Amino acid sequence: MKIFGTDGVRGRAGVKLTPMFVMRLGIAAGLYFKKHSKTDKILIGKDTRKSGYMVENALVSALTSIGYNVIQIGPMPTPAIAFLTEDMRCDAGIMISASHNPFEDNGIKFFNSYGYKLKEEEERAIEEIFHNEELLHSSYKVGESVGNAKRIDDVIGRYIVHLKHSFPKHLNLQSLRIVLDTANGAAYKVAPVVFSELGADVLVINDEPNGCNINEQCGALHPNQLSQEVKKYRADLGFAFDGDADRLVVVDNLGNIVHGDKLLGVLGVYQKSKNALSSQAIVATNMSNLALKEYLKSQDLELKHCTIGDKFVSECMQLNKANFGGEQSGHIIFSDYAKTGDGLVCALQVSALVLESKLASSVALNPFELYPQSLVNLDIQKKLPLESLKGYSALLKELDKLEIRHLIRYSGTENKLRILLEAKDEKLLELKMQELKEFFEGHLC
């Protein structure tokens, strides 16, 4: 049975993520990390979901039972776990979060000792241990060999200092008015402190988590409230994070939501202008707009494509010796400062770009026009092999004939089918998207 999806393990808390399941997974992961253990320490953080306590306690029980010493740091962004795992010399880091999903869901993401997400072969190795009853039941420690657990509440300061170091030393934010939407999630403590200490005039919204309101009509998936607040507050910029703050959505001074591909393009060129790129390659996923590739080419930069998922972006960056890349959804990686997508690092770089451009953000963050694109996330009941659906191949051939770029895939974390179409003719695009929706609703819903 496959346990891992595209971003760790995710599911409904108490349904898939039961205490017994989590304990078993924790033991399996711990035994895998033991093979390369240097410190016998594992770091655990979480977002603000109510079920995080249940999942955390199950993981602590599992890991201490096989001899690991566990450091619990409470609600922190996913990229903070990646950073602190390496910074505190731990064998591994674990983030308890379902990212942008509703509060009823939860998830578990693993990081190696260098702060990188696990590769697929590492996940498969953990799955093999998970299904090995004999190995699991023969691994418990007794007496003094049992591990301990301790909670540390002040590591937030380390991450804040790290974030501030990512911001250019010759700049400050005193001339910027910024609205932050922390999605009642993991960034609710960190984000306001970082921007305030760098001098910004800050307004914070959705920063009162109660365990059940994470991502609820707020944050990166619902930036309309942020857009309204930016206009009302006459702010220069607005930043919306998702539940675990590895994703960023930017709103300009006019209240417009900045497209992720425009963000990738303008940030890539900004990094080049500072001689901060390690290569001429910038990494993006197959969902990126063709206009991004053309824009980067005009700036003597090369776009490298990879599979969807920020861990695949990271792997492709390493392969191409690149230090900048991301997804149009807002997972953007500056690998000089973060091994995974970090919404706060990205927000600081956007702020620096706007400051140095001496332009309004609505101008500075709008470097090129996009080709018409349509993205639909279709709720489905079943995940059948797409190639097995009668008429599917003919549909794709027709799209190719009409020169409509297409990317159709199942979500790795939810019961959704993601359909992306791109073409120069917007009306044709809308027509074909409706046809595709009706086709898949008839076969998968």
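Just so you know, glycine gets a Cβ as well, placed from its N, Cα and C.
The model shown is predicted, which means the values in this text are computed figures rather than measured ones.
Note on S99 (phosphoserine): other Cβ atoms within 10 Å of its Cβ, all shown chains, come to 28. What Swiss-Prot records for S99 is phosphoserine, and it gives sequence analysis as the kind of evidence.
As annotated by Swiss-Prot, Mg(2+) binding site applies to S99, D242, D244, D246, with the evidence given as sequence analysis. For D242 (Mg(2+) binding site), other Cβ atoms within 10 Å of its Cβ number 33. DSSP assigns D242 (Mg(2+) binding site) to coil in the three-state reduction, outside any helix or strand.
According to DSSP, S99 (phosphoserine) sits in a coil region rather than a helix or strand. Residues or ranges marked as active site, phosphoserine intermediate in Swiss-Prot: S99.
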Centre the Cβ atoms of S99, D242, D244, D246, go out 8 Å, and tell me which other residues of that chain have a Cβ in range of the Mg(2+) site. D47, P77, T78, S97, H100, G185, A186, A220, F241, G243, A245, R247, G341, G343
In sequence order, what residues of the same chain, 6+ apart, have a Cβ less than 8 Å from the Cβ of D246 (Mg(2+) binding site)? P77, T78, P79, S99, D310, H331, T340, G341, D342, G343
